[in-house]
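S.K.: Sharing a structure with you now.
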Amino acid sequence: MNVKKPVILAILDGWGIEEAGVGNAVANADQKFVKEMMGMYPWVKAHASGEWVGLPEGQMGNSEVGHIHLGAGRINMESLAKLNHEVKVDGFLTNEVLVDTFKYVKEHNSALHLMGLFSDGGVHSHMNHMISMYKAAVKFGLTNIKFDLITDGRDTAPKVAEQYINQLLQVIKDNNNIGEIASISGRYFAMDRDKRFERSAAAYITMTERKVDQPKFTDPIEYVKAAYENGLDDEMIVPAYNASVVDSELKANDAMIFTNFRPDRAIQMASIMTNNNYPAWNDEAFKDVEFIGDKIRFVSTMKYADSVTSQFIAYPPTPLTNTLGEYISSLGLKQLRIAETEKIAHVTFFFDGGNDYFKNGLAKPEEISLPHASIDLISSPKVATYDLKPEMSAVEITDKLLEEVKKDEFDLIVLNFANCDMVGHTGNNDATVKGVKVLDEQLKRIHDEFVLKHNGVMVITADHGNAEIMIDETGGPNKKHTTSLVPIIVTDKTIELSDFDPAIAKVAPTILDIMGLEIPKEMTQPSMIIKK
């Protein structure tokens with residue numbers, strides 16, 4: 001089968017649209033080529049947040065949800081919305097895996113540990129879910145409950161953990177003082193996803209051991225305040241255990257529930273907790289560290305990865321079918337996914353709705369087994385934070401992409417540029433401006449080769465906003481995602497795009513339309529191309 005035109009879907013992760021002004025790194029980057037394209041090609045401003053991507057109304061978009069909807073061609077009720085519903089109906093008290101876990105703790109006279117990102121960011125988790133699980137455990141009759149809190153500062157304002165922890169302490173007080181905060185760790189450590197095992201080790205050891213030389217506290221609020229005084233945001237709070245809590249560490253016969261619902265930043269820690277064959281256990285950072293996974297019951301809220309060897313998943317997956325990638329493969333067409341390390345799972349696992357991974361039992365979410373599909377993985381730079389290298393690996397991605405384009409082998413190429421999101425999350429406005437400028441240059445390189453020389457079409461869009469709002473309402477740095485609209489640019493002067501309810505869930509059907517292919521019935525969103 002031949003396509004009418006090959007397509008590159010270029011996902012500018014975190015590139016939103018807002019009025020120009022101080023703190024708008026996208027507008028202030030003097031993106032000459034993007035402006036040129038917007039004057040030359042059809043484009044629309046599209047929704048990438050809230051109900052348009054299966055989230056609660058007003059909830060900012062995120063990379064996982066954005067990539068799912070870019071590939072799905074339909075609006076899918078996301079994990080946040082599902083778990084919010086469970087909170088409303090007391091569903092945690094009827095969930096078989098959770099109830100069995102409560103029974104396990106009772107039978108073993110042990111402790112229930114609740115670990116997770118404790119904030120209202122709603123990207124990887126929501127504090128209300130952990131609180132609701134806690135209340136369910138209390139109703140069940142558990143009295144030994146410990147919280148292993150991961151502080152955010154990235155999908156929230158930089159310094160709000162004190163506020164959230166105070167709310168939790170009040171909840172504990174309202175429930176007869178059942179429960180204690182056992183440990184606190186910034187997400188930089190506990191939610192690393194780039195195999196920086198020394199970060200994971202700091203959080204793991206804090207939760208599983210009580211060594212004299214480890215950071216510790218006796219008052220969680222004072223510990224967070226001290227971190228602020230030392231110039232640390234919530235994200236960077238050094239892992240520490242509560243020395244005033246007897247047996248604060250995870251012990252044999254305890255149960256742990258990881259309350260994060262988004263997989264990518266949960267996989268590494270959950271794998272370390274459950275799988276002694278995971279590569280971290282061969283790393284120097286884990287030398288002489290005890291593996292606890294064979295002595296506890298570990299529960300993940302959602303399916304994270306096969307490397308997480310615990311069999312207990314509270315809410316097993318229901319994969320999407322006939323996503324763009326799966327459908328393209330079923331037609332015998334060739335496709336390529338390309339991204340740097342930080343985002344490879346987004347152009348594979350998330351873009352495919354988890355379908356290829358869950359169906360075919362891949363070892364890693366970032367792998368792909370779809371017929372006629374290939375991956376080019378470019379390493380992310382090894383820096384502490386990406387404002388130190390705002391160009392990230394965008395140039396290397398483009399170099400590799402242009403090599404592939406010149407082969408004329410692929411009908412569809414899906415690529416991710418991470419700069420606006422990953423540099424934007426540092427809160428460094430100047431660095432983010434530099435990152436955006438680099439992307440403008442790379443888009444021109446791709447356009448001039450693929451569109452002008454190979455008669456291809458680029459569909460340029462984003463999964464959510466971020467870099468367009470770098471300063472928050474207080475005048476401080478904004479590190480979190482936004483509810484801004486995002487662009488959808490199609491480099492084909494022969495078409496016209498409808499601006500009726502534009503949303504990123506319409507990207508997949510639009511791509512199929514450009515390629516001259518039938519849109520499968522599972523894609524309930526229409527193409528944006530106006531039929532003449």
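Numbering starts at 1 and runs along the chain as it is shown here.
Each Cβ is built from the backbone N, Cα and C atoms, and glycine gets one as well.
Straight out of Swiss-Prot:
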- S63: active site, phosphoserine intermediate (ACT_SITE)
- D13, S63, D463, H464: Mn(2+) 2 binding site (BINDING)
- H124, R154, D155, R187, R193, R262, P263, D264, R265, K343: substrate binding site (BINDING)
- D421, H425, H481: Mn(2+) 1 binding site (BINDING)
S.K.: Would you mind sorting out which of D13, S63, D421, D463, H464 (the recorded positions) have a C-alpha within 10 A of the one on D155 (substrate binding site)?
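M.R.: Checking each Cα against D155 (substrate binding site), there are no hits.
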S.K.: Go through D155, D421, the listed binding-site residues, and name the one with the sparsest Cβ surroundings, counting other Cβ atoms within 10 Å.
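M.R.: Comparing Cβ neighbour counts within 10 Å for the binding-site residues D155, D421 gives D155.
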S.K.: If you measure H425 (Mn(2+) 1 binding site) to D13 (Mn(2+) 2 binding site) at Cα, how many Å is it?
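M.R.: Cα-Cα distance, H425 (Mn(2+) 1 binding site) to D13 (Mn(2+) 2 binding site): 11 Å.
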S.K.: Which has the fewest other Cβ atoms within 10 Å: H124, R193, R265, H425, H464, the binding-site residues listed?
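M.R.: Counting other Cβ atoms within 10 Å of each of the binding-site residues H124, R193, R265, H425, H464 gives the minimum at R193.
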S.K.: Around the Cβ of P263 (substrate binding site), how many other Cβ atoms lie within 10 Å? Please give the count over every shown protein chain.
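M.R.: Here the count is 26.
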S.K.: Could you check which of these recorded positions, S63, R193, P263, R265, H464, sit within 10 Å of H481 (Mn(2+) 1 binding site), going Cα to Cα?
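M.R.: Cα filter at 10 Å returns S63, H464.
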S.K.: Does S63 (active site, phosphoserine intermediate) have same-chain partners at least 6 apart in sequence with Cβ under 8 Å from its own Cβ, and which are they?
M.R.: D13, G14, K343, H346, F350, D421, D463, H464
S.K.: Excluding D13, S63, D463, H464, please set out which residues of the same chain place their CB within 8 Å of the center of the CB atoms of the Mn(2+) 2 site, keeping sequence order.
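M.R.: Close Cβ neighbours, site residues excluded: I11, G14, A48, G61, N62, G66, H67, H346, D421, A462, N466, H481.
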S.K.: Of all the binding-site residues given, D13, D463, which residue's CB has the most CB neighbours within 10 A?
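M.R.: When each Cβ's neighbours within 10 Å are tallied, D463 leads.
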S.K.: List the residues in the vicinity of the Mn(2+) 1 site, defined as same-chain residues other than D421, H425, H481 with C-beta within 8 angstroms of the site's C-beta centre.
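M.R.: Close Cβ neighbours, site residues excluded: D13, G14, N62, S63, R154, D155, C420, M422, G424, H464, N466, A467, K479, K480.
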